[in-house]
């Protein structure tokens, strides 16, 4: 009788998440993908990109993404370092939306709004590893996660996967989602913080950026889109030609730096298009970003403050930049924005391709 009672107690604890909550830390792992002197590390917590290590112009290896030494430290991360963000990345105004006549209320975690799907989202769960090839011709790893109906307030069961694939000096990230029973909004993002000089080299104000977006989506005082578009011409947001990040950043007191969605130019229907180029002249490192997404969030780590990271280095605002290929923020509340609704007949696929080199493009040679 005592054994039966103990068994029932254990089952009750397990169903409440108590046992699972204590055991999940034991299942957090770090995985390496390696191709020559180019390597990355990822963790199954939040399908997170932990490190990207590659040589500079002198052949010296360095890690160019911000983060933590231990994968378990990411369980307390509030900056989304390298995380896979979803179900819906970025902001949803009023923490609510209406879909097919049904009103959905989400968890507000930034004032009255929802940021990155609330306090329990894709970045805050353990993912299952379904494929792992550490090295060889095409190193890769695939994570999967089943997001249940009602999770974070979103409708429908959703099966999602994230794949990291190494090529020759390239990293391809493929995010997929399949709705199992109900229509639902999806906007998955990789939230890596890049500093091409090295994660601990200080601020990124001297890095040079080009963004192939001639418009931005305007936002209110709470960074929620108004639904309007504006040309970047003649503004500090104009990166159609290369500019130094710090050149005009102090003209943006409202956000204390860059934090805005670009409407990407380029041919519609193309598999991927060039969205941005970043050059760090001191290290000679170059990153080119290609994507099939319609938007790109340019963010200069404005809210990162006194964050103790890898090797004890303390990250501050402007220690890195994020280039998050994405759907437009708050799309679910703006019919004039590209739709983010995924159905059983219409799955989701987001491709992000990062190409690295030390060959500085001619347009950047003046810096």
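Even glycines carry a Cβ here, placed using N, Cα and C.
Bear in mind that TrEMBL entries carry predicted annotations, made automatically and left uncurated.
What TrEMBL records for this protein:
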SIGNAL    1-21  signal peptide
BINDING   90, 91, 191, 192, 193, 259  beta-D-galactose binding site
ACT_SITE  191  active site, proton donor
ACT_SITE  324  active site, proton acceptor
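Within the same chain, residues at least 6 positions away in sequence whose Cβ sits under 8 Å from that of residue 90 (beta-D-galactose binding site) are 115, 116, 187, 189, 261, 297, 324, 326, 329, 330.
Cβ crowding, taken as the number of other Cβ atoms within 10 Å, peaks at 191 among the binding-site residues 91, 191. For the beta-D-galactose site, whose annotated binding residues are 90, 91, 191, 192, 193, 259, the maximal Cα to Cα separation is 18 Å.
Fewest Cβ neighbours within 10 Å among the recorded positions 259, 324: that distinction goes to 259.
When secondary structure is read from DSSP and collapsed to three states, residue 191 (beta-D-galactose binding site) falls in the strand class.
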